[in-house]
């Protein structure tokens, strides 16, 4: 996972908005939050009732509309789009989840510009997990599509962070439609998954591990088929040495050498052929599966199909 998801500066700060004022960043650790886990695991701000009154007076919140905001620190020029968690905060402070503060490179006490934005409903979004550890989540695509509604809006190029099983995962928004920034509230969005960062190396490692496992299984099977060579019964007590005459004809050589040659030949015949790489993982399905190891099933669990899912 990325050590930081800090955003990139942008000078395209929209002006002439209905609501745009400067506020101070507060420390969310100092306030009581009813559902802190939901707050930290989403993309929404805690604002004061003063801001709510201004939004109502300027007809920004009408007919049950939801508020979307653009927040940025003038000193860093890093922009992120957010929703509203609630209006229970201090009148002059803005409280953001820790991942948003990291993304915008802001700290408690910094000044930020909070501006309302009018966004179209999103119809499509392409995302990229920033670590192959994301693949370890059971039904990872379904888990993510369930968590995305915690983010009221997103913009192309920004990162999001969510937590699952006590662990944080970062994803990057590669593309959004119909606009570079879209709303995710009360809409049906098709989500397409790009391969995680580091997926090529991960796939090659998985391929090598499988081939090694297969060779070990072939060697074990060949040894079992050959049986035990050169043994003598330990229970044969009647046999004794009756003569030490060195002139006696030598015993015939054991059949071990013949058996070893035969075993080597069998192993050579069973050596798996080099796998052609139609893709990084699909070619492994061509290897023989005589050990009960379901190749296709195991590999398909670890790859993206590229098909979109709908929120």
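Keep in mind that glycine also has a Cβ here, set from the backbone N, Cα and C atoms.
Given the structure is predicted, the values throughout are model-derived calculations rather than measurements.
TrEMBL has this to say about the protein:
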{"type": "DOMAIN", "residues": "30-119", "note": "domain 'Ubiquitin fusion degradation protein UFD1 N-terminal subdomain 1'"}
{"type": "DOMAIN", "residues": "122-196", "note": "domain 'Ubiquitin fusion degradation protein UFD1 N-terminal subdomain 2'"}
{"type": "REGION", "residues": "265-311", "note": "region 'Disordered'"}
{"type": "COMPBIAS", "residues": "302-311", "note": "compositional bias 'Basic residues'"}
Exercise. Mean pLDDT for the domain 'Ubiquitin fusion degradation protein UFD1 N-terminal subdomain 2' (122-196), as a whole number?
Worked result: 88
For this session: Would you mind splitting the domain 'Ubiquitin fusion degradation protein UFD1 N-terminal subdomain 1' (30-119) into helix, strand and coil residue counts from DSSP?
Result: 22 helix, 33 strand, 35 coil
Exercise. Under the DSSP assignment, what numbers of helix, strand and coil residues are found in the domain 'Ubiquitin fusion degradation protein UFD1 N-terminal subdomain 2' (122-196)?
Worked result: 16 helix, 33 strand, 26 coil
